[in-house]
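Chemist: The structure is given below, and queries will be raised subsequently.
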Amino acid sequence: MEATSADYNQFVNETAFYNRMVLSHLLPANLWEFPSDMAQELPRRLAGNILYFISGFLWCFYIYYLKLNVYVPKDSIPTRKAMLLQIYVAMKAMPWYTLLPAVSEYMIEHGWTKCYSTLDHFSWFLCFLYIALYLVLVEFMIYWVHKELHDIKFLYKHLHATHHMYNKQNTLSPFAGLAFHPLDGILQAVPHVIALFIVPIHLITQLSLLFLEGIWTASIHDCIHGNIWPIMGAGYHTIHHTTYKHNYGHYTIWMDWMFGSLRVPLAEEDNFKEKEK
């Protein structure tokens with residue numbers, strides 16, 4: 001599928017709409033109305049900081065204070081110091097995180113990817129099939145990127161260890177979801193960009209998945225085991241932070257199951273039930 005001039009115009013108009021929708025409510029026009037569309041992407045992405053703070057604060061307030069001892073045992077609640085450190089690490093990395101999505105949208109607008117702008121390119125069946133293929137491909141690549149960040153000692157020491165400072169349940173919180181070394185966060189997001197060159201996907205779908213990515217990374221660090229098969233939820237990811245060699249997957253447990261690195265959080269769930277008694 002080749003991108004047409006109509007696709008280009010649709011891409012540009014749509015991203016310009018998102019820029020106006022977000023930035024016009026946050027900044028004076030002279031601070032974000034740049035001639036280049038790509039230049040507008042960066043402040044829009046930085047506006048995501050607000051989402052990080054609001055969602056993280058509300059999430060922590062609900063599960064740690066309003067629902068004390070309901071979802072997380074009192075002795076497993078992270079300290080304010082731990083959460084402030086996670087916010088500090090995330091804030092240092094956030095401006096760098098914005099670069100990759102800005103570059104990917106530039107490539108989409110110029111027709112370099114297989115991204116499409118209208119639903120008349122494919123049937124509904126193919127649209128959903130391509131979304132499924134996109135997610136499988138992203139899952140596969142993120143699994144191996146994440147695993148290599150552990151297995152290659154140089155990468156772990158200089159990049160991924162920053163995130164694994166939080167290696168106990170009482171040091172993990174939703175704020176840890178974006179607390180990475182900047183290059184580490186970018187490397188784990190690269191699969192989303194690579195997939196754009198392989199699988200056709202609608203622009204709105206791709207942007208929605210990136211938005212949900214931020215929510216997802218927060219949710220898997222709250223240590224609440226939802227136990228919804230085959231989702232790689234917080235129960236699985238808490239094990240990853242404590243053993244360092246299990247549950248590298250992203251959305252589902254399938255890659256860990258296929259490659260022999262899966263560890264099911266049954267023991268952890270039983271321990272929590274005993275504490276509740």
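Note: Cβ is positioned from N, Cα and C throughout, glycine not excepted.
Whatever TrEMBL says is automated annotation, not expert-curated.
When I checked TrEMBL for this same protein, it listed these features:
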type	residues	note
DOMAIN	132-261	domain 'Fatty acid hydroxylase'
TRANSMEM	46-65	transmembrane segment
TRANSMEM	85-103	transmembrane segment
TRANSMEM	124-145	transmembrane segment
TRANSMEM	189-212	transmembrane segment
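Tell me about the surroundings of these features in the structure.
Modeler: In terms of DSSP secondary structure, the domain 'Fatty acid hydroxylase' (132-261) contains 88 helix, 3 strand, 39 coil.
Long-range contacts of the transmembrane segment (46-65) within the same chain: residues 22-23, 26, 71-72, 77-78, 83, 87, 90-91, 94-95, 98, 173-175, 177-178, 214-215, 218, 222, 224, each at least 6 residues beyond the stretch ends and with a Cβ under 8 Å from a Cβ of the stretch.
Listed by sequence, the residues of this chain that lie at least six past the ends of the transmembrane segment (124-145) yet keep a Cβ under 8 A from its Cβ atoms are 187-188, 190-192, 194-195, 198-202, 205, 209, 248-252, 254-256, 259.
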